[in-house]
Amino acid sequence: MSLSFCGNNISSYNIYYGVLQNPCFVDALNLVPHVFLLFITFPILFIGWGSQSSKVQIHHNTWLHFPGHNLRWILTFALLFVHVCEIAEGIVSDSHRASRHLHLFMPAVMGFVATTTSIVYYHNIETSNFPKLLLALFLYWVMAFITKTIKLVKYWQLGWGVSDLRFCITGVMVILNGLLMAVEINVIRVRRYVFFMNPQKVKPPEDLQDLGVRFLQPFVNLLSKATYWWMNTLIISAHRKPIDLKAIGKLPIAMRAVTNYVCLKEAYEEQKKKAADHPNRTPSIWLAMYRAFGRPILLSSTFRYLADLLGFAGPLCISGIVQRVNEKTNTTREMFPETLSSKEFLENAHVLAVLLFLALILQRTFLQASYYVTIETGINLRGALLAMIYNKILRLSTSNLSMGEMTLGQINNLVAIETNQLMWFLFLCPNLWAMPVQIIMGVILLYNLLGSSALVGAAVIVLLAPIQYFIATKLAEAQKSTLDYSTERLKKTNEILKGIKLLKLYAWEHIFCKSVEETRMKELSSLKTFALYTSLSIFMNAAIPIAAVLATFVTHAYASGNNLKPAEAFASLSLFHILVTPLFLLSTVVRFAVKAIISVQKLNEFLLSDEIGEDSWRAGEGTLPFESCKKHTGVQSKPINRKQPGRYHLDSYEQARRLRPAETEDIAIKVTNGYFSWGSGLATLSNIDIRIPTGQLTMIVGQVGCGKSSLLLAILGEMQTLEGKVYWNNVNESEPSFEATRSRSRYSVAYAAQKPWLLNATVEENITFGSPFNRQRYKAVTDACSLQPDIDLLPFGDQTEIGERGINLSGGQRQRICVARALYQNTNIVFLDDPFSALDIHLSDHLMQEGILKFLQDDKRTVVLVTHKLQYLTHADWIIAMKDGSVLREGTLKDIQTKDVELYEHWKTLMNRQDQELEKDMEADQTTLERKTLRRAMYSREAKAQMEDEDEEEEEEEDEEDNMSTVMRLRTKMPWKTCWWYLTSGGFFLLFLMIFSKLLKHSVIVAIDYWLATWTSEYSINHPGKADQTFYVAGFSILCGAGIFLCLVTSLTVEWMGLTAAKNLHHNLLNKIILGPIRFFDTTPLGLILNRFSADTNIIDQHIPPTLESLTRSTLLCLSAIGMISYATPVFLVALAPLGVAFYFIQKYFRVASKDLQELDDSTQLPLLCHFSETAEGLTTIRAFRHETRFKQRMLELTDTNNIAYLFLSAANRWLEVRTDYLGACIVLTASIASISGSSNSGLVGLGLLYALTITNYLNWVVRNLADLEVQMGAVKKVNSFLTMESENYEGTMDPSQVPEHWPQEGEIKIHDLCVRYENNLKPVLKHVKAYIKPGQKVGICGRTGSGKSSLSLAFFRMVDIFDGKIVIDGIDISKLPLHTLRSRLSIILQDPILFSGSIRFNLDPECKCTDDRLWEALEIAQLKNMVKSLPGGLDATVTEGGENFSVGQRQLFCLARAFVRKSSILIMDEATASIDMATENILQKVVMTAFADRTVVTIAHRVSSIVDAGLVLVFSEGILVECDTGPNLLQHKNGLFSTLVMTNK
C-alpha cells in the first residue's frame, strides 16, 4: 500500500530544497506539540495526580479560578472552532484531489484532540489548586505558537494571502496560540509558581467554604455555566428524594438581598442628593437601578444580540444547502487549486450543515445565557427593592397608616405586585433593543432573497401586529373583571362555609348555593371574554405568519420575473418565523414597560413618604438587665394584699407608702409641655406635663377617645412632636440628668398594644419574641396570664403555630399572649394598653394580681397601665387622668381624693355601676367558651390530620414498597388518569372537536409546506423560466385560507373546552360540598375547603387551558416535523431512536425536579408576604421593643430563601432548554447530512431542514408544558378528592307530598331507644336514650362537657347517624322524612349567632316567603323593631359580613326573630345564651316564655340555673340519659348529678 500522508505522488516527499520547504513536512511538524501534550497530560490525568495533590479540601467540585480563567475558556473554544474549520477545509480540499492527503487534516484532528485535552487538564489542575502542573500547558502553547508561525511564514513565501482560507485559518491560530501563551505567562506572574521562592497561595471563594451554599453557577467553569452541568446532581437526585430547602441551601453572598440592597441604596441615596439641589425634582429610581444593575443587563443584551445574529444563520444555511442540492454541485473536480477560498469553502453543503449545527449550538447557548443573566439580575433587583421597602416600613410614620394615607393593602401591593412588575420588566429588557435589530436584519435578508415582494409580507406582519396589543389590553381588562367576580364569589363561598351548620339546620343550602352560582355565572361570562381574547391571541400568533407568507409568495409569483426557487422559498419561510416573534413580543414588552413606569411611580411615592421623627428613631436595640434598674428606695410599711377578691371599693383602700415622684428624682419618663399630632398639624394631645415614677405602677384612665393610647404612643415617639420634649431616664447614675438623655437613647419598652398583634409563629415564639428561652420565667408568665390551660388544649402545646398559617385564637386568648410577651421581656419599662378589654372578670383579676402586681412589681419594673377598670385604681402608685387630649389630673389616689373631689366621686359612681355588671358577668365564664371552641378546633384538626394521612396512603397507589424503584416510579409518573378526567369534564363532544381540529390544522399546515415544496421543485426543475403558476398559487391560497380558519377553530375549541370543564368542576364541587355531612366540616379546616374554591379553581379556570393548548400545539408541531423529516429523508429514522431516548430521559428527570422546585418557590413566597403584612400591622410594637434589626434579618432570610428557590427553578429551566436545544441542533445536523446524502429533491430537502429548525424551538416547550400541566393537574386531583365524598341522604322513604302541610302542629316528641354516632367507624355519643316530651312542654337538657347534649339537638335534624332507635315527632318517624322537609319544619337557635352579608330582610327570610308585617312582628318580639326602624332602609338595611355591624347580643336576638318567623311548633336552643351578656339573656328568656308559650322548647343549658324551672329536665352523662324529671324533683336528690351541677355553678 502506498503512503498517503503526503499523497501517493513520490514527489510530495521531496526535501531537496530543505525540510521546511516541503508543505507536507511543515504540517507534520505541527503534530509535534499535540503529541507532546498528549504524552505529558494523559498519564497525569489517568494517575489522578492533580486530584490527589489537592492542597485545599472543599466539598464542591468547582473551586477557585486561576487568573484569566474565563478568557482562557473563550480562547480555547475559539481555537476548537478554528480547528473544526481547519479539519473541514482539509477534508474538502482533500476530496478535490486525485489521491488521499492526510497532512491536510490529520494535524488539525490531532490539534482538536490536544486542545480538548488541554481544557480538561486545566480544569483538573484548577480544581486541585496545583498550578505548577500548568507548566506543561505553557510549553504546549509556546511550541504550538512556533510551529504555526513557521507554517504561516511558509504560506506567505508561497504567495498566499487573505483570499486563501488555509492562510487565514493558520493566521488566526497563531493569534489564538499567542494569546493562550500570554494567559499562561500571566498566571506565572500572578501565582509565582515558577522561578519564585514564595508562590502566591489562593484560597477558594468564601462562598465555597460554606457548606450551605449549593448554588454554584457563579463559581463553575465556563462550560458548566453555559450548559448548567453542575445542576445534573440535583436534578437526577430528585428522583430518589424530593428537593427541599436543605438541598438548595443558601444564596452566595453576592446574590443575597442585603448585598444588592446596599448597592441599590447607595445609588438611590446618590440620586436623592442630586434631587435635593433641585426642589422640583424627585430622585430617579430608574437611574439608581441602572447604576446598581446596569452592567449585567448590558452583558445580557450582548448575549441577546449575538444570539439573534446567529439566528439568521439558519435561513442562510438552508438557502445554501438547498441551492447546492438543487444544482448538484457535489462532484469531484479533476483540476483543483492548491487551496480553497472562503466562497468555495462555503459552497460545500456538508460544510454548511456543520456550520448550521455550530451556529445553532452557539445561538442557543447565548440565548439561554441572556435569559439567565436577566433573571438573576431581576431576582437581585427584587431582593434589593424588598429590603428597601421593608426598611422604609420600619421607618414609616405611624400617622401614614392610622390616618389612611397608606393602607396595608397598598404596602402588600408594593411587595407582591409592583416589585414583581419591575422584575418581569427587567426580564424583558434586552428585547427592547434587540427587537429593532432583529426586525431590520430580517427585512433586509428577505429583501435580498425575494426583492420587493418580501416587503408585502413584512407589511402584513407590521400592520397586523398592533392588533396583538389591542388584544393584550382587552385581556388585561377581562382578567381584572374576572378577578372582581372571583373575589365576590369567594366572599359568598366563605360565608356559606362559615355558616354551613345553620344553613343545613334551616334547609337553606340551595338558596345560598344559588347565590354563589349566580356570581359564578358572571365570573364565567367574564372568563368567556377572557377565553375569546386568548383564542384570538393564539389565532393571531399562528395565522399572521401564514398570511404574510401567502401575501409574499403570491405577489412574487405574479410580480417577479422569475419563478420561486426552493432555496428562496424555505429560507424566506424561516425568516418570516424569525420576524414574527419580535413583533408579537413587542406588545408584551410595551405593556410591561407601562406597568413598570407606574410601579416606579408608586414605589417612589412610598419611599418619599413621611418617616417617623429623627429624634425618636433608633439605630440600635437592646435591653438592660434587671440588675441595672435603679433600685426603689422607698420604705413600704404594709405590703399590698395580692390575693384580695374581685371587689374593689375606693374608700377601703390603703395607699402604699412609697416615696412620691414629687419627693424624689427617681422618675423613668418625663414629658414637658408636650404637644403631639398624628400628622394633620392639629394637636391631638396638648399641654402634656407628666412624670412616670421608676419601679411603680402608673395607671392612665379616662373616657373612650380621650387620648390614653395616644399618650403611650407619643411617649414611644410614634406621634409627631409639635412642641415639648420627652425625657427618658436610662442612665444608671445616682443623680441622672434628664437634659442629657433624649428619647433617641431610650431603652426598649415591653409594649402590649390595645389591639392584639401576633406573629405567624408558635405560641412560644410569640411570647419569648426573640429573647432567650428561660423555662422558669416562661412558666411564671404563662401562669400569670392563665395561658397554660389553653396551651394544654393545643395539639402541639406551645409549639403550635397560631395566626394565618395555624390555629385561630379568640380575642381574649390573643390578648393574653400579647400581655405575656410584654411580661416575659427583660425590660425596665412595661406599657400595657387596655389589657383587660377582651378578658372576663376572672381573667382580669388573675392577670392584675399575678401578672402586674406580683410578677412585674415584685421585680420593681416600671408599669404604665391604660385601663377602663376603675376598680384597680386602689393598686396604682401614680394616676394620670385624661380628658379631651389633655391631662386632667396627675398624682396618687389620695391626692386626687383631696384635690379633686368631683372627679373622685365620679369614679365612685362608675365603679358602683361596674360592680353591678360584675355580678352578672361572674356567671358568664368566657374562658370556658373560648377553650370549648379551641377544643373543637383541635378535634377537627386532629381528624383532618388523620384524613390527610389516609389520603397520602391512597396516593401511594396501594402497592407501596420502600425501595428506590417504587419511589422513582411514583415521582416520575404523569397523572394521565387525572388528565383524562379533566378532559372528559369538558364534554366528549368538545374533546373530540378539539382533537379533530388540532389534527386537521397541523395536517393542513404540513400540506401548505409540502405544496410549497412541490411548487418550487416543479418550476425550478421543469420550468426554469417564467411560467403560468395559477394552479399552484390557487392551491397554496386555498390551503393557507384553510390553515388560518383552522387556527381560529382550534384556539376556540381548546379555550371553550377548558371553560366548560371549569364550569362543571366548580358546579360539582359546590354541590358536593354544600350537600356534604356536617362531620366533614367538623374534621376539615375551613381554609382547606376554601382553597379548593380559590387557588385550585383559579388554576382550573385560567392556567390549565393555555398550558393544554401550548402542549398540544408544540407536541403536534414536533411530531409533524419528525414525520416530515422522515418522509423527506427516511435514513433519519436510524438516528431518531437514540435522540428519542435522550429526550425521554431529559423530560423524565426535569419534570420531577421542576415540580419540587416550583412547590418550593410557591411555599417560600407566603411567609415572605406574611412577614411584610405582620410587620406593618405590628409596627408600633416592633419599634417599642427595639426589634427592628431582628425583623430586618428575618425579612432578609425569607427573601433569600424565596430567591434561592426561584433561582434554582430558573436554572433548572435553563438546564432543560440547553439540553433540548442541543438535541434539536443534533436533529438539524442529522437531517441536514441525511438530506444532502440521500435526496435529490431540493424542495423536500428545504422542507426537512425547515421542520428540523422548528423542532429546536418547540422541544423544550413540550417538556416545560408537560411539567406545568403535571403541577396544575394537582388542583384537579384535589377537587376530585372532594367529589368522591359521600353526600347526606336527602331522600326519605316518604314523599314530601305525604307530609301534612302544617306538620309538626302539636310538638309532641317521642324518643325510642335512641343510639347516635357521628360516623360508622366512631363510638356512639348517645346510647339507648328514651324520653317523652309533651306538646308545648319546656324542656331543659344539661350535663358536663362531652356528655352528648348537643348531639341530641343534632339528632332532631338528622345531622348525625341514628343507627338504632328512632325519634317520632307528631306521629311521624323523622328517619322516613326527606331531609329538606324535616329541617325546614323545625327551628333552632345556635350558640354562635350567625348573620350573612346582605339585608336584614334576607337574614330573617332568605326564601322571601313572609310579608313585611310578619317580619316586623318578629323583630318586635325580639325587641329589635325600634333599632331596625332607626337604620337607613329599615328591613333593607345593610348587614355586613358576619353581622359585624351589630353587637353579639343583637345578632342573637336577630337569630331569635329568625326562629319566630319560621312559626315552627318546636324550637331548640343549643346553648343560645352562652356568648351573650346577662341583659340580652334576660330579654331572650322572656321572649321565649311569651312568644313561644304554646310551642315545644328544648333548651340545652349553658348555665344550669336557667333550666331549674323547666317542665322537664334531661341530665346526660357520657351519652347516657341518667336523670329525667322536673327540676324541683331532681334537686331533692342531693347526690344526683343535676343537684351537683347546680351547686357547682352557683
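Quick reminder: no glycine exception, Cβ is built from N, Cα and C everywhere.
Features of the protein shown, as given by Swiss-Prot:
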type	residues	note
TOPO_DOM	1-30	topological domain 'Extracellular'
CARBOHYD	N9	N-linked glycosylation site
TRANSMEM	31-51	transmembrane segment
TRANSMEM	73-93	transmembrane segment
TOPO_DOM	94-101	topological domain 'Extracellular'
TRANSMEM	102-122	transmembrane segment
TRANSMEM	133-153	transmembrane segment
TOPO_DOM	154-167	topological domain 'Extracellular'
TRANSMEM	168-188	transmembrane segment
TOPO_DOM	323-348	topological domain 'Extracellular'
CARBOHYD	N330	N-linked glycosylation site
TRANSMEM	349-369	transmembrane segment
TRANSMEM	422-442	transmembrane segment
TOPO_DOM	443-453	topological domain 'Extracellular'
TRANSMEM	530-550	transmembrane segment
TOPO_DOM	551-569	topological domain 'Extracellular'
TRANSMEM	570-590	transmembrane segment
TRANSMEM	988-1008	transmembrane segment
TOPO_DOM	1009-1031	topological domain 'Extracellular'
TRANSMEM	1032-1052	transmembrane segment
TOPO_DOM	1146-1242	topological domain 'Extracellular'
TRANSMEM	1243-1263	transmembrane segment
BINDING	G1343, R1344, T1345, G1346, S1347, G1348, K1349, S1350	ATP 2 binding site
**Report entry** Per-state residue totals over the topological domain 'Extracellular' (551-569) - DSSP helix, strand, coil
**Finding:** 13 helix, 0 strand, 6 coil
Query raised in the report: Between the transmembrane segment (31-51) and the transmembrane segment (570-590), do 3 or more CB pairs sit under 8 angstroms, pairs being 6 or more residues apart?
Result: no
Report task. Within the topological domain 'Extracellular' (551-569) only, compute the mean pLDDT. Result -> 78
**Report entry** Among G1343, G1346, the most crowded of the binding-site residues [Cβ within 10 Å]
**Finding:** G1343
Query raised in the report: Under an 8 Å Cβ to Cβ limit, what residues of the same chain, 6 or more beyond the ends of the transmembrane segment (1032-1052), are close to it?
Result: 532, 534-536, 538-539, 542-543, 546-547, 549-550, 553-554, 557-558, 994, 997-998, 1000-1001, 1004-1005, 1007-1008, 1011-1012, 1014-1015, 1018-1019, 1109
Query raised in the report: If H, G and I count as helix, E and B as strand, and all else as coil, what does DSSP give for G1343 (ATP 2 binding site)?
Result: strand
Report summary line: Across every protein chain in view, the count of C-beta atoms other than its own within 10 A of the C-beta of G1348 (ATP 2 binding site) is 23
Report summary line: With the fewest other Cβ atoms within 10 Å, the residue among the binding-site residues R1344, K1349 is R1344
Query raised in the report: What three-state class does DSSP give K1349 (ATP 2 binding site)?
Result: helix
Report task. Look at each of the binding-site residues, T1345, S1347, S1350, and point out the one with the fewest other Cβ atoms around it within 10 Å. Result -> T1345
Query raised in the report: Setting G1343, R1344, T1345, G1346, S1347, G1348, K1349, S1350 aside, what same-chain residues sit with their Cβ within 8 Å of the center of the Cβ atoms that define the ATP 2 site, listed in sequence order?
Result: S1351, F1516, S1517
